[in-house]
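Chemist: Below is a structure I'd like to ask you about.
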């Protein structure tokens with residue numbers, strides 16, 4: 001509709017321009033015939049008409065420009081916003097279903113991965129629990145359970161002797177028949193049963209310390225043959241003195257008599 005009105009206005013302007021041309025030609029003819037008064041009046045009227053027509057055309061163009069600016073801006077905004085805001089319900093439902101199923105599949109896959117690492121799945125929980133119970137019952141008599149205190153709290157473990165100690169359960173002496181190790185470890189009566197299981201500590205044999213004995217340094221001096229003979233003479237002298245001493249005593253006793 002706006003384009004149709006615009007074409008009509010252009011046609012009217014063209015017709016007015018043609019009419020003004022004819023009017024100017026007629027005035028020029030009158031001027032040639034020396035009709036000045038009529039020409040002056042005609043020129044004044046033509047000037048007034050042109051001024052009014054120019055004002056009217058300016059107003060029309062301004063109004064048409066404003067009218068064009070408003071509808072052209074609105075459709076552009078609507079065209080840009082339509083695909084974002086107004087979507088078909090089928091498209092949205094399909095997207096919602098696809099996203100919902102994808103989220104469920106991802107969560108289930110994550111849970112299955114976690115359960116496979118732990119050794120369990122959601123498919124058969126009852127069978128697995130039964131199998132676990134059977135396995136635990138079958139393994140109970142084979143495994144040794146640690147003793148429990150009457151107070152209900154286990155004694156603190158020594159982490160230092162953890163590697164070198166072994167805990168043994170309570171063994172009555174009636175079961176030991178000819179076993180020396182069993183008879184040495186068994187307890188007689190329930191009253192003597194210890195609150196804590198006996199521990200056998202495996203002590204490591206200490207390594208023998210090797211001490212090096214200091215070596216005596218012997219110094220050999222060269223001696224002359226005369227020096228070697230001197231101690232023999234010295235040793236012989238006291239023997240003579242010892243042998244001559246009783247004779248000397250006898251001589252003294254005789255002189256006294």
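Just so you know, the numbers here start at 1 and follow the chain as drawn.
Cβ atoms here come from the backbone N, Cα and C positions, even for glycine.
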Chemist: Per Swiss-Prot, which of 70-92, 93-115 is region 'Disordered'?
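Modeler: My reading of Swiss-Prot: the region 'Disordered' range is 70-92.
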Chemist: Can you count the other CB atoms that lie within 10 A of the CB of residue 186 (disulfide bond)?
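Modeler: Around residue 186 (disulfide bond), other Cβ atoms within 10 Å: 15.
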